[in-house]
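Over in TrEMBL, the protein carries these features:
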- 655-674: compositional bias 'Basic residues' (COMPBIAS)
- 675-688: compositional bias 'Polar residues' (COMPBIAS)
- 691-700: compositional bias 'Acidic residues' (COMPBIAS)
- 749-815: domain 'SAM' (DOMAIN)
- 633-733: region 'Disordered' (REGION)
- 11-111: repeat 'MBT' (REPEAT)
- 119-223: repeat 'MBT' (REPEAT)
- 233-340: repeat 'MBT' (REPEAT)
- 348-445: repeat 'MBT' (REPEAT)
Amino acid sequence: DAGSSVDEMEFNWDEYLEDTGATAAPHGSFKHVDTSLQNGFAPGMKLEVAVKSDQNTYWVATIITTCGQLLLLRYDGYGEDRKADFWCDILTADLHPIGWCEQNKKILKVPEGIKDKIPDQEEFLQRALTGACSAPANLLEGLHRGKNPLDLIAPGSRLELQNPRDSLEAWIVTVVENVGGRLKLRYEGLEDSDKFDQWLFYLDPFLHQVGWAAQHGYSLQPPLAIRSLRSEAEWQEILKKVKEEEEESSVPTDLFKDKPVIGVHSFSEGMKLEAVDPMAPFVISPATVLKVYNDKYFTIEMDDLRAERPSSQRYICHVGSAGIFPVQWSLKNGLNLSPPPGYPGQDFDWADYLKQCGAEAAPQSCFPSLPSDHGFKENMKLEAVNPVDPEEVCIATVTKVKDSYLWLQLEGSKKAVPDCIVSVESMNIFPVGWCETNGYQLRPPRKAIVNKQKKIAVVQPEKQILSSRTVHHGLKNQELNSSESVVINGKYCCPKIYFNHRCFSGPYLNKGRIAELPQSVGPGNCVLVLKEVLTLLINAAYKPSRVLRELQLDEEAAWHGHGETLKAKYKGKSYRATVEVVRTADRVADFCRKTCIKLECCPNLFGPQMVLDKCSENCSVLTKTKYTHYYGKRKNKRIGRPPGGHSNLEVAMKKPNKRRKRRKHFFVHKKKRSSASVDNTPAGSPQGSGAEEEDDQDESELSHSLAQDRDKRKRKLRTFSFSDDENKPPSPKDIKMEVAEKLQLDSNPLEWSVADVVRFLKSTDCAPLARIFLDQEIDGQALLLLTLPTVQECMDLKLGPAIKLCHHIERVKLAFYQQFAN
């Protein structure tokens, strides 16, 4: 990074965690790291130790605990008595494996302190040593004495690595570097080239000690990628040399005793599944079991429907391989499944696809369940390998947790990468401080100066001059942040952002001004494109300061992107706030959609998709659903009365200038008034309704700070109140429809179990969502507490399905109040 302004040596994890307000992922969640720290000795192992009172005699002792090269020992015969426990140093103490005294004609004698407890020494030893585990001899004697087993994998050591394209073949690799068990490996025969070097953790299931292939009937062959670099005679000569030097460069077999055991799989050729491409672990796509080698290994190929494939993405798997999922796993977890290249359209449907391919889905039984008590949570920090450049270990933030998989945002990488998907058991993730402990360079964030009060990082990345090919809105040769790589038609370039003028503009944005905006912005640098888009939206608002307030970075929000300062002017006053924007193309669509939801407009109002005829959200028949905030009791409040009736509207129309509290707006289909106009707030609760336009609010509201206003709105109670665009009361036809849709319950929903809730949902048109309720264990009490925002946030549902689901929930609530509330 020539010219970088980053002083990498200054990074300090403690300060960074304090400044960002983040927490480190628990060390216990990284089981492979825990294993690597073990010194080869375990509690319960036995060994023969010189007796302190008589150095010419020895006695059997049991390891109580270990601490680095120190062992806490207890002579056998003391039972549970800890008073005679003692520490010894492996390097200096006279320690030996069981059987050493007999082999070397040394005396085993009971120590004086327990002589009275052991009348028959021979009988006692026979009983104590039956089935006992001896401490490893290689760690007590010779060159390996006192060394951490991991240190025995020294540069120059040789191992065997299974072929990533053919599991029945393996080839010799030489250890170039060992960083805390993470090994840089080079194929034997390529001593002068690092082009094919690989980084693997020493516990990787495909890595073995020399001799493994021969023992298990596998052939030793160089991979196809390097086979043409030498003649067959040269490869055979290399193999002969390795066998001659095997004893010098071999690694102790017991180093691999903690490797994951590969179980038996039940996959068949042609089965379909969902998978993450390990070469680009950013999306989940359909894949096929291409070949089954035996009961342990099979090949997965990422589906590609193009007539001319540039190259096939295939890799070897076993039953415990990470990144393979059953069909519909993405849907059940609220995730996007990326259609295979060449698939017609973007709306992928597994049922149609399986029928089209004439294939069957791999059954659920093929996929073992992973632990759910892994300890990872969103916004936690850790260190992770960059999948694009395995030399790099970066600061990583957990942005999403689904089942036993994490979505990680990497900070400080030389080239920006999308959030990568890793298993909680991945050996490419490490706890905070791992790099420092092992003397490896951690890629720090770009020079971060942190405002502790707001927890917003102001990033000062290094600069670079872009070539004339890089164009952003017609600007050439501009100085731009290198951390936001700009490559036209590349994955780090922001696509065009379209303004879809026909979509619903919501309560904040002026429809006329939106229509005057350009048809699109971009493509170009993500930060600059999105900053321009947001600036245009702010200027198209009824009150630009209000839109800026909605967009500003929440004080308690997690840091996932890039902070940009945006400005707004309103009635001669200037306003400024920090807004978060994303930096990579893969996150642009989600960013645009979430921003639209913040502004309570159609999620397709702006984004990388152009709306041609009909909006997918059907926003032409949607109207505003308003959250209103009233404090104090209301007279004549009745449970179950649908708000938005005549009396409420009269109050709103008679007092249009009355100051109102800020409200939230959501969409509701006009034809489905009954699904939403159910008042589920108990009598006496703060409640209210009515309509207001943005320009009717009192100007004094603007004198409050943006942060204070946001905090106040967080604490307000939110209830539903509905009216159409013209603020008309519901017609008799609408009221009749509401009555017709009343639900009669056979039992009190407060007493419903999870199974009862699932049974109810399966009787509705929301049956496919029943699985979510089962997985999240939502019973009757929890069901009655669900609201539209909760459903959208906790179940990751789009607006349409969420409204449909809430329609049925509101029917249950209304029936509950009418049948059981009294």
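Yeah, the Cβs are placed from backbone N, Cα and C, and that goes for glycine too.
Against the repeat 'MBT' (348-445), the recorded stretches 11-111, 119-223, 233-340 differ in Cβ pairs under 8 Å, and the greatest number is found for 233-340. Taken as a whole, the repeat 'MBT' (233-340) shows an average pLDDT of 88 in this prediction. Note: the repeat 'MBT' (11-111) comprises 21 helix, 35 strand, 45 coil (DSSP; helix = H, G, I, strand = E, B). Here the repeat 'MBT' (233-340) is broken down by DSSP into helix, strand and coil counts: 24 helix, 26 strand, 58 coil.
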